[in-house]
Amino acid sequence: MLRTRGLTKRFGGLTAVDAVDFDLGGDELCSLIGPNGAGKTTFFNLLTGVLEPTEGTVELRTGPASTDGASGAGDDGNGDGDDWRDLTGAAPHEVANLGVHRSYQVTNVFANSTVLENVRVAAQAADGAGTNFWRNAGQLDRYIEEAYDILDRVGLADSADVPARALSHGAKRQLEVGVALAGDPDVLLLDEPNAGVSSESVDRVVDLIEDVAADHAVLLVEHNMDIVMEVSDRVVVLNQGAVIADDEPAAVRDDPAVQRAYLGGYEPGTAGGDAAEGTGDPDGADGTDGGEPA
Amino acid sequence: MNSGLSAEFTALLPRIETLVVVLFFALFAMSFDFISGYTGYLSFGHAAFYGTGAYLVALAANDKLPLLGPETPFMLLLVLAGVAAAALALAIGSVSFRLSGVYFAMITLGFSQVLYVFVRDWDFVSTAPRDGVAVTEKLEGFQIGVPGVDALNVAIGQLTGDSVEGLLGFITLSPTEVSFYAIGAVVLVCYLAMQRLVHSPFGRTLIAIRENEERARAIGYNTYAYKLRAFVASGFFAGVAGALFVGFRRSVTPENGFYFLVAGDALLVSIIGGFGTLAGPLYGELFDAGVREFLSKEGGGGGLLPYLRANVGDATLATDIYNGLTVAEATDTFLNGHAALYVGLLFVLFVLYVPNGLLGTARDRMGGTLSKAVPRRLRRWFDG
């Protein structure tokens, strides 16, 4: 569905993302884990056109799939029925219009608009209807209905008329996913949808992730290892910008290199399901790293 | 009117001449609010579009432009003024929207000042370009109305306008009053068009850009293209406002057309009226013009100072307050010609205590736009 080849991003002397070859299958939920500062968010920004890669390519499959395998490895895009579209260097709105949408680690919605309008304006964008200047947006029921469907799905239908800024933190995280969903994506990149969510609300967000994964290709950044083990089809581990493991959850968990770099003696279900944290990275400094015990 | 309060009303209410100015300047301020209040990009150089519309009409009327002459219908000039300003907005916007925040404001300001200096020294426009252009080649007034139907057109202007006598048996209007209604009709049409834009999916997209441009981009909006389109539409209406200005005043100078403080006034009344409310700038301009006139001595009979002079007893006026300063002298000192000072103070108070402006605050209080909230309240009131 989405693949990168040799994707690299350097900031001055720092290599944030280092020659990453990555494949996301069409019906897959792949988790991206790694210590703070491993380059997960930078990787997201490269995929969505926010940053331009120093080297390497990002491609999206736009044609029919010959294989929908979990890894997609071996697809070279030549003569096997797949059409790949080069996303390297595309602007964020172009990436979005091709069906790759993302949510943000720190809630990033239209704060003064209502919850409904947040989702409605995204649904309208997916249809290319933003240039319509002659109809009254309040009378275009299609987008309003679509928005209500999505609010139902993310569990916010009751808060439709509340300004987004007034939502609780957990509800904001749900809205964050809702806005990304409203763009009718094929590929959904979720950047820590659980960040800072209280333990009572985590289940709701996890259910939402699984629900969304049923009909989207999902790439999930997540720190809570219990959730990663539970929901993922595949886990990719990033350390210092490079992929150090790419396998099924159980295999990744038992990988000694991963244990060393990140998991640090993780046992499923123990208190503090979060993997190694607090390595002095600015990512973790804002306290949104989902530090709730599982 | 000779009721007991007529002197008070005369002092308080603006004159009809002022209200005509309020109308076309409010249109300009609304066009400023359309881009600045809805996308969040402050167009400090908005005077460029107002000046372009104004100069286009003045030059056409003086037979300076190819294909357009003094006989060109004013309704056509209104549209052409809008189109010319919109084209200029496309040129300025396509460069300026590569920047954001204060840099956008600065670069639009720069463009408008370049045009200001250029027009000030361009002797094509008139023999004394610094003094602007007066309409000299066209003696009759500019006509507003339905194109092609003579009976449905009226001429505007204080001296050149039509007056109406005995319409429907009882309506009698002076030329200025006719201008008020005719210009008001054009402003209303423009307002309704902009309101249509604001409430459309396009307008909602602009609000999304104002709220969070990064996210707007991430959900698939090419924000650059949207901002540019909004800027062009805004430029169009600013050009129409400039055309109405010359249609009524029959002259324009670089100072009241292109100078950056013209946009500054639009910003001021937008903030007083309510930023991002579209109709707010009209109330802001009405408030601003009303206060200025109330505090200035101009206008035969209107305003605070003439009211005090006429209605406070001579003995009181001659009273010595301090060191030979009489009441009459004191009021003169504090009121005469200082309207701008008090308006400035009011502006500071508005920014501090009424940050949402007149209309924005009213909407917050009523819980929605007034057109919806007021009938709702009335219904509740009548239903008990």
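Cβ coordinates come from backbone N, Cα and C, glycine included.
All annotation found in TrEMBL is predicted automatically rather than curated by experts.
Quick look at what TrEMBL annotates:
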TRANSMEM  B:12-32  transmembrane segment
TRANSMEM  B:38-62  transmembrane segment
TRANSMEM  B:74-95  transmembrane segment
TRANSMEM  B:101-119  transmembrane segment
TRANSMEM  B:178-194  transmembrane segment
TRANSMEM  B:228-246  transmembrane segment
TRANSMEM  B:258-283  transmembrane segment
TRANSMEM  B:339-359  transmembrane segment
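Contacts between the transmembrane segment (B:228-246) and the transmembrane segment (B:101-119): absent, as fewer than 3 C-beta pairs lie under 8 angstroms at sequence separation of six or more. Contacts between the transmembrane segment (B:178-194) and the transmembrane segment (B:38-62): absent, as fewer than 3 C-beta pairs lie under 8 angstroms at sequence separation of six or more. Comparing B:12-32, B:258-283, B:339-359 for CB pairs under 8 angstroms to the transmembrane segment (B:101-119), the maximum falls on B:258-283. Stretch with the largest number of CB pairs closer than 8 A to the transmembrane segment (B:38-62), among B:12-32, B:258-283, B:339-359: B:258-283. Long-range contacts of the transmembrane segment (B:258-283) within its own chain (CB-CB distance under 8 A, at least 6 residues past either end) are made by residues 22, 25-26, 28-30, 32-34, 36-38, 42-48, 50-51, 109, 112-113, 115-116, 119-120, 191, 194-195, 198, 210, 346-347, 350-351, 356-363. Note on the transmembrane segment (B:339-359): residues 268, 270-275, 277, 279-280, 283-284, 287-288, 291-293, 295-296, 370 of its chain, located 6 or more positions outside it, place their CB under 8 angstroms from a CB of the stretch.
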